[in-house]
Each structure stands twice: as structure tokens, then as C-alpha cells.
Amino acid sequence: MVKAYLRYELAGSWGVIASPSSNAVFDRSGRHLLTGALENVAVWNLKQAALVKTLSPPISQSGKVAGEVTQIAASPAANQIAVGHADGAIRLWDLDSGECTSTFAGHRKEVTALRFSRNGALLASGSKDTDIVVWDVAGEAGLYRLRGHRDQVTDLAFVERGGRRLVSCSKDEHVKVWDLDTQHCCQTVVGHRGEVWSLDVDPSETRLATGSSDAELRVYAINAEGSEAERGGAPPGDADTADTAQQQDGSSGGGSSKGSDFLVPMGSVRRQTHERAETVRWASVPGARGGVLLTCQSAGKVTEVYRLRSAAEAAKKMKRRRKRRREKQEKKAAGKDGGEAGEDGGHAAEEEDHIQASDELELLAAVRSKHKARSVAVCPPGAAGRRAGAGGHVASLVLALTNNSLELWDVAEGGAAAADGEEGEGAAAHKAAAAGASGAAEKAQTLDLAGHRSDVRAVALASDDSLALSASNNCVKVWNPRTGACLRTMDSGYGLCALFAPGNRHALVGTKEGTIEIFDVGTSSRIAVVNAHTGPVWSLAALPDASGFVSGSADHSIKFWEWGVGVDETTGAKQLGINNTRTLQMTDDVLCVRVSPNGKLLAASLLDSTVRVFFVDSLKFFLSLYGHKLPVLSMDISSDSTLLVTGSADKNIKIWGLDFGDCHRSLFAHADSVMAVAFVPNTHYVFTAGKDKLVKYWDADKFEHLLTLEGHHAEVWCLAIGSLGDVVVSGSHDRSLRRWERTEEPFFVEEEKEKRLESLFEADLEAADRAPLGQETPGEEGAVGIAGRKTLETVTAADEIIEALDLAADEEERFKEFEQDKARNPKAKPPAANPLLLGLSPSAHVLRVVGRVRSSELEQALLLLPFTDALRLMGYLVAWLKEGGQVELLCRVSTLLLRLHMQQLMGTPSARPLLIELQALLRQRVQELKDLMGYNLAAITHLQRSLRERGGVVEPAVAAQAAAAVLPLKRKAAAR
């Protein structure tokens with residue numbers, strides 16, 4: 001009989017405040033901050049320093065976990081966000097309901113840029129695959145793919161003044177301007193001396209700023225009218241700062257002049273740091289002079305805030321600069337020939353007659369954080385204004401740091417220098433970096449308690465599974481494993497192993513310094529530090545009788561400890577202490593120790609790749625287990641003390657019998673080192689964790705691989721199993737802790753093997769280099785391609801449509817045979833209804849299957865249909881259009897099929913009557929739908945106007961018209 005097992009599933013994850021791979025943004029209201037938390041999105045309330053909600057993406061059909069979040073963009077027109085992942089997927093989330101409304105699959109690699117248009121109707125995405133895809137947010141479908149960049153697309157920005165345009169920058173050192181109406185590149189800006197990492201357009205859409213790998217912050221005037229920019233103009237092109245070149249291979253017209261360029265260089269501003277620019281963002285801040293700020297966050301610790309001067313201030317600055325220039329030239333001319341000086345002066349005057357970037361931008365503050373920043377977000381005007389009333393500052397910034405923390409900074413005008421985020425030694429350096437700043441910055445808040453600053457190296461569960469303890473390089477945290485709430489945070493050394501003392505009121509941590517630290521969980525304090533070893537303490541194991549524990553260290557020793565009573569040196573109060581009772585010297589570093597549940601055997605793994613077993617009472621040698629090619633990093637003994645499982649750096653686990661020391665089986669477990677192994681209590685089931693980011697579930701009796709638990713995005717260092725075996729907690733290098741719970745859902749080993757084969761098929765599908773029919777080769781210069789991408793979901797949708805067409809054809813054939821039989825025999829019985837149709841007609845069944853396909857996957861699903869099936873589907877379109885339902889869906893399916901199979905349809909004479917009939921029906925139904933929507937819109941507008949008139953509210957347009965009509969009468973009356 002086939003054995004069934006109970007499934008373990010991910011029940012929660014915590015410990016990540018802000019992933020270093022993702023940016024942080026505010027929502028439209030400014031009340032919440034959105035950060036990437038591995039594959040999730042964390043929504044934080046900064047005022048309460050609390051996590052409001054977590055947006056977790058659904059698991060795919062094959063059970064694959066979503067990729068890590070790499071980009072977040074908030075819609076300016078709705079309470080909606082777009083999230084880009086490392087696997088190329090883009091998900092749209094409704095922040096009010098917390099639901100994922102749609103999923104886009106258009107990129108083959110990590111999404112590196114996301115930006116909404118001003119009205120939120122369009123979404124542009126850029127990726128490491130060098131492509132840009134424009135998506136229709138309302139229609140939940142891709143519009144087109146723009147190709148032209150030759151390296152990773154790093155940032156995007158829409159410009160809607162004077163036409164729909166998209167500006168993109170890339171690591172290929174180019175900035176490109178795309179005309180979205182014609183879908184081609186209309187300008188390529190070259191001249192950056194390195195990779196261009198970020199760009200942004202100011203709120204008035206007159207200036208564009210770019211940040212690259214050099215120390216220059218370049219500014220361009222947006223020439224939307226085809227002439228010089230409205231505000232101040234721009235100087236002639238400077239080859240040293242920026243230049244323009246026409247797109248190669250005929251993608252843009254040749255012979256255009258500088259006056260017709262969309263982006264006109266205005267020079268550059270030298271930044272305060274030499275690290276590359278990471279994020280450049282404009283922000284409208286009503287409280288600041290000029291009303292607009294420009295933030296430039298570097299890849300290091302410095303974030304600069306610039307103020308945009310008003311037109312009058314910029315002109316005044318330009319006059320002062322020109323005056324200094326003339327004075328300098330006059331001094332030069334005193335020692336040179338007058339003709340040469342006049343020639344040089346004329347050329348300089350031509351360059352200096354226009355407003356430069358240095359005239360418009362003024363350094364307001366330079367913020368220096370304690371750690372490197374990943375991204376910067378400026379509080380929206382509403383939120384900043386509420387906080388400015390109390391603090392007197394003009395703007396608030398949030399820095400997402402690479403050490404899993406957030407910092408909130410207040411920027412004020414009028415200070416002599418910026419405040420320092422560091423104390424002591426960093427103060428002088430920061431003042432030097434902030435020299436010339438006209439304002440000041442002050443750190444208002446730090447959000448860092450909800451996670452570790454570095455990777456989680458050890459985790460332990462209390463005996464009743466009510467508490468979880470995790471240790472990292474500088475602190476120990478106690479969590480509620482059910483909710484993920486951080487209950488206690490205590491400073492510590494570099495923790496390598498952890499253990500709860502009996503009663504769960506105290507905890508022990510073995511450190512890299514060789515000490516064993518004792519913590520009081522109730523008082524959240526470290527009560528004792530015992531110098532236990534002279535080398536790192538790699539392992540702690542509790543004795544079964546709860547009388548003490550055993551420690552193993554790199555100083556070649558194993559020590560037995562018993563619980564004792566200590567005295568606090570400051571207060572004299574009694575507290576928990578430990579006493580060393582016995583010491584066992586080994587020949588090499590001890591990496592792991594375990595005591596059998598019956599208390600008879602002690603197992604120790606050594607650096608020489610062997611495991612030695614001793615009797616606990618006499619410490620006499622019992623067994624030597626050898627066979628691993630690399631050291632055993634973790635091991636565990638089953639509850640009945642009969643099996644020992646070892647996990648090694650050689651990627652294998654071995655199952656040993658403790659009666660004779662024989663190896664029952666050696667299993668290739670992970671693609672990298674096995675870091676942790678543990679038995680489920682009272683069973684022979686084993687959990688293993690490895691550097692390959694996976695947690696695996698095994699049957700040690702049948703030597704079967706049962707489950708693979710995916711979720712971590714970095715090496716898994718440790719895991720702990722609850723006392724009942726229903727909870728597993730794992731800690732990883734990605735700073736997260738994950739809780740896996742046993743469910744009531746049974747599964748069979750053969751089914752899991754089939755699922756793993758399907759996941760391999762999906763991986764091969766994603767790695768395939770060949771594109772489907774109608775899709776250009778990736779990276780083709782100047783090409784415009786289809787937005788979507790073939791995935792397992794689109795293949796499944798195409799298969800379902802083909803199956804529905806086949807089923808409908810079979811049913812129609814059965815009904816035709818019945819009609820023929822009925823003509824010969826009127827008493828013939830009708831055929832039995834097919835239960836697969838669910839009571840629908842064959843045509844209605846096909847329509848239901850087509851309508852069930854996601855809007856974002858419909859194009860790719862139809863692209864995968866063979867021509868014969870596409871022709872059959874078009875035959876059903878005529879019948880559906882005659883019925884008059886779902887006109888939008890039918891119109892989209894019709895246009896997609898016509899566009900994809902145009903050449904074959906033109907060469908198929910039998911399709912001509914169908915196309916003629918389809919043309920007439922499409923025009924008629926679309927016009928009817930348009931008339932209906934126009935009628936309804938007019939009715940709604942009329943009702944709205946009526947309600948306002950009843951309430952005494954006058955329409956602005958009506959009021960303006962009335963005022964314009966009354967104005968001549970008032971003038972005549974005044975003249976009399």
C-alpha cells in the first residue's frame with residue numbers, strides 16, 4: 001500500500017524590514033511606506049513604527065515561489081502599486097483590499113525599472129534583458145516592447161507635455177527618448193562618462209536630471225515644443241558634459257538640429273561624493289523656497305538634497321556668474337594680446353548667456369547615514385506638511401539602508417551645515433561633505449527593531465513552541481513564532497548556536513568569541529557572560545534529564561555544564577548560572593555535538609570529517625563514523641536513539657545506525673553544503689537545510705525525498721523543529737525567519753516527483769532562447785515586439801482553448817448525427833448531455849473557456865494556437881457577436897487573431913466570407929457599445945449636475961461663463 005504523508009507549507013515569514021534588492025516608496029496618501037521584504041511587500045506606518053500589512057504573492061501552479069522584489073512603483077492616480085520581481089514578473093496590487101489584481105509576464109530577467117504615467121493608465125517596465133515593455137493598466141495587457149538599449153535598463157520616466165514620450169537610461173551609458181505614439185526612439189543622448197543609473201523629470205516637466213557612475217549630476221531642459229525650452233533656454237551643446245546623437249540603423253531621422261532635440265543639455269552639478277548615483281528624484285515640496293527639491297542618493301552613505309531656485313533667483317545667479325567671468329577675463333587680458341582675449345571672451349559669452357544647471361540648483365543639505373543606503377523616498381506634500389507643522393522642516397526623507405533598517409530624516413532650510421548621522425569619528429568627515437549646504441538635516445526616527453542587521457546564524461524554539469530565539473552577529477531577538485512579532489532585543493556577541501534553558505525563562509547563546517552568554521528573557525537582559533572556550537562555540541546540546549547541557553568548540557574540547565545559581569555583581573540578587581563539570585578533549589575542532597534522547601551516547605563531529613560517538617557516563621569511545629569527504633556541519637539523533645543523521649559540506653546526508661555504526665544510506669541532499677539537519681520528534685522523518693536556499697523533508701526509513709520547501713532567497717543557516725513536530729522555523733542569510741506548518745493535506749511521493757518534473761519543464765521554458773512566432777530576437781536594435789512572454793500559464797491556457805474547441809466540435813458532430821437520425825426516425829432519442837459542458841451549449845462552453853483566460857495572458861495564449869484552431873475560433877466569434885454579449889473581449893480576440901495570422905488569412909480563400917461577416921459585425925457591435933456608454937455617461941453627468949444644483953453648488957464652468965457675461969454690464973455701469 002502506498003504511504004501518505006502530511007504536507008508542510010509556508011505559514012509566515014518575518015525579520016525583513018527592507019530588502020537590499022528593492023527600493024522604498026510612499027503610497028499616494030503618504031501615510032504608509034512600502035518596502036520590499038524578499039518576495040513580499042511590507043506596508044509600514046512610520047508614525048507608529050509598525051507593520052500594517054504584508055502583501056504576499058500567490059504561489060504559481062507548479063508551486064514555485066515568486067522571485068525577490070526588485071522594484072516598487074506607486075500609482076499617482078489610484079491607491080495601487082506595481083511590484084517587479086527578480087523572475088521578471090510584475091504584479092499589480094490594490095492597497096485598499098490587499099489583493100493582487102493582475103500579473104504581467106513580459107521579461108526574461110530581473111525587473112530593474114518601473115514607472116507609472118501621470119494618470120496611472122500606463123506602466124513602463126525595464127529589465128536586465130535590455131527590453132522596455134509598456135503595459136495598459138486598465139486593460140491588464142501589454143501594449144508593446146521597445147528594444148534599443150544594449151545593457152540593463154536602470155530607470156524610466158514619462159513626459160506627457162507636448163506628446164506622449166518615455167525617457168529611459170541604461171548601463172550602456174545612453175539616455176533614450178521614445179515617442180509612444182509612433183513607438184520608436186526619437187533621440188539618443190550620449191556623453192555620460194559611465195553607466196547611467198537613474199533619471200527623473202521635475203513636476204512641471206521642464207527639467208530632467210540624470211545620475212551616473214561619475215560625480216556629475218547632469219540636467220537637461222525638456223524641449224517639448226521643438227524649440228528651446230521655455231524656462232531660460234539652454235546653451236549650445238558641450239561635448240564634455242552631454243551631447244546628442246541620432247539613433248543608429250534608421251530608428252530616428254537624420255539631420256535634425258539642436259533646436260529640435262527633445263532633451264537639451266544645461267550642464268551639470270558636481271556632487272559631494274564620488275560614489276555612483278543610485279536614485280535621482282524630483283519632489284514637489286510647497287514648504288521649500290522654489291517649491292521643488294531634487295534628491296540624489298549615492299551608492300554610499302551620502303544623500304544630497306538640492307533646492308530648485310526660482311526663475312528670478314536663477315537669473316540673478318547667472319548675472320553674478322557672468323560678472324565674475326568678465327572680471328576674470330579682464331585680468332587675463334591685461335597680460336595677453338587684446339585680439340586673442342576678445343576672441344576667447346566672445347566664445348565664453350556665447351556659452352554663458354543661458355541659465356546653467358548650477359544656476360538653478362542649490363545644495364540644501366547632505367544627509368550621511370550610518371550605513372550604505374539602497375534608496376530614498378520623499379514624503380508626499382500632504383504627509384510632509386502635517387509633520388512640518390510640528391518640526392519646522394520643509395521636507396522629510398526616508399532612507400532604506402542595506403542593513404535591513406529604515407531612517408527618517410527631516411530637512412530644514414537656513415542651517416549652516418547638515419546634521420550627522422554618525423557620532424564621534426564621522427562628524428568631521430560629514431561636515432566636510434556637507435560644506436556649502438544652505439540647510440540642515442536631522443535624523444528623526446530609525447526603524448530597525450523588527451529585524452536583524454545581518455544574517456540569522458542560529459534559531460531555537462521554546463519547549464512549548466511559544467517563543468523563538470534567533471541570534472546574529474551583534475544581537476539576540478525573541479519572537480512570537482505565530483505572529484512574527486519581535487518581543488525582545490538584546491545585545492550579544494557573534495551568536496553561532498542557541499538554546500533555551502528549562503522553563504523557557506532563560507536562553508543561552510554560544511558566540512564566536514568563545515563565550516556562552518546567558519539571557520533573561522523576561523527582563524530582556526544579558527545576565528552573565530561565561531568564558532567557556534578559547535575558540536568559537538559551534539554547538540550547544542541540552543541533556544535529556546534537563547540537568548545541564550554540552551558545548552562543543554573549535555578549541556578541541558567538549559564541555560559538560562550543569563545549571564547553577566549565580567549572583568548579580570551589582571544588585572546581589574540570585575540568578576541563573578552554569579558550572580563546568582567535565583571536559584572531553586578531542587583531536588580536532590568540534591563542529592557539532594548531540595546527546596541521544598536516552599542519555600547514553602554523545603556524538604561529536606570533527607573537522608577531520610569524522611563523527612565520534614562516546615558513552616556519556618564514562619566518556620569512553622564507542623564508535624567512529626567515517627565516509628563524508630568534507631566536515632559534518634550538523635547532525636541529529638532520533639527520539640528512539642537508534643538513528644543518527646549527519647549533514648556535511650560535501651552536499652550529502654548519511655543515515656547511521658547507532659547500534660553498530662553502520663551507514664544505512666547516503667543521500668545526495670542539496671546542491672551546496674548541508675548546514676542543518678533535524679529529526680521530527682517521535683518519528684524517523686528528517687528536515688535538512690542547505691546553502692542552496694532550500695529546506696527538504698525526508699523519510700529516513702525508506703530513504704525517500706518527500707518535499708522541497710522553497711521560500712528563502714539566500715543560504716539557510718539553521719532550523720528548529722517544535723516539540724510536536726508540527727512547526728519548523730528556519731533562519732537564513734537573507735535575514736528572514738520562516739515558519740513552516742504541518743497541514744492536514746496528505747500527499748504521495750509519486751505526485752511530488754511529477755510536480756518536480758513539471759517545475760523542471762517550466763524552468764526549461766523560461767530558459768529557452770527561441771521566441772514564439774511573431775516575436776523578434778531578444779535585443780534586436782530598434783525593434784518593437786510583443787509585450788508578453790510565454791509561460792507555463794499561457795501554455796496551459798492555450799491547451800484549454802484547444803480542448804474546448806475539440807470538445808465543442810465533437811458535440812456539434814453528435815447533434816448533427818442526431819438530426820440525421822431524427823429525419824429518418826422521428827422517435828429517435830436525443831444524445832445524453834455531456835457533463836463536461838456543465839449544461840452549456842458547445843459555443844457557450846468555448847466562450848466560457850476563452851473568457852476565463854487572464855487578460856494579461858490572452859495575447860500569448862492566442863499566439864500559441866495553431867492556425868487551424870485560430871480559424872475555428874474565428875468561426876465562433878461570428879456567432880458570439882450576433883448574440884451581442886462581451887463585446888470588448890470578442891473585439892480584442894478578433895483583432896489579436898487577425899494581427900497574428902494576417903498572412904495566412906490572406907492566403908486562405910475559405911476565410912474570406914468569414915472575414916467579411918466579421919468586419920460588419922465588429923463595426924456594428926462596437927458602435928452600439930460606444931453609443932450605450934456615451935448615453936450612460938451623459939445621463940450620469942446630468943444626474944450629477946442636478947444633484948449639485950439642488951444642493952446649491954454651481955459648476956465652475958457655469959460660474960465662469962456667468963461672470964464673463966456680467967462683466968461688460970458692470971463696465972457700462974461704472975462708465976455711467
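All residue numbers here begin at 1 and follow the chain in the order shown.
Backbone N, Cα and C atoms are what each Cβ position is placed from, and that goes for glycine too.
TrEMBL does not curate its annotations; it predicts them automatically.
Features reported for this protein in TrEMBL:
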COMPBIAS  232-250  compositional bias 'Low complexity'
COMPBIAS  317-326  compositional bias 'Basic residues'
COMPBIAS  327-352  compositional bias 'Basic and acidic residues'
DOMAIN    843-944  domain 'Small-subunit processome Utp12'
REGION    226-264  region 'Disordered'
REGION    316-352  region 'Disordered'
REPEAT    69-103  repeat 'WD'
REPEAT    104-137  repeat 'WD'
REPEAT    146-188  repeat 'WD'
REPEAT    189-230  repeat 'WD'
REPEAT    449-489  repeat 'WD'
REPEAT    530-562  repeat 'WD'
REPEAT    625-666  repeat 'WD'
REPEAT    667-708  repeat 'WD'
REPEAT    709-741  repeat 'WD'
For the repeat 'WD' (709-741), which partner among 104-137, 146-188, 189-230, 449-489 gives the most CB pairs under 8 Å? 449-489
For the repeat 'WD' (449-489), the distant same-chain contacts (Cβ-Cβ under 8 Å, at least six residues beyond its ends) come to 12-17, 49, 51, 403-405, 495-500, 502, 504, 507, 509, 517, 519, 521, 524, 714-715, 717-724, 727, 729-737, 739
Which bits of the chain, at least 6 residues beyond where the repeat 'WD' (104-137) starts or stops, bring a Cβ under 8 A of a Cβ in it? 67, 70-78, 80, 82-92, 143-147, 149-158, 160, 166, 168, 170, 178, 180, 766, 778-779, 785, 787-789, 791, 793-794, 856-857, 860
In DSSP terms, the repeat 'WD' (69-103) comprises 0 helix, 23 strand, 12 coil
Looking only at the repeat 'WD' (449-489), what is the mean pLDDT? 94
How do the residues of the repeat 'WD' (530-562) split into helix, strand and coil according to DSSP? 0 helix, 19 strand, 14 coil
Over the span of the repeat 'WD' (189-230), count residues by DSSP class, listing helix, strand and coil in order. 0 helix, 21 strand, 21 coil
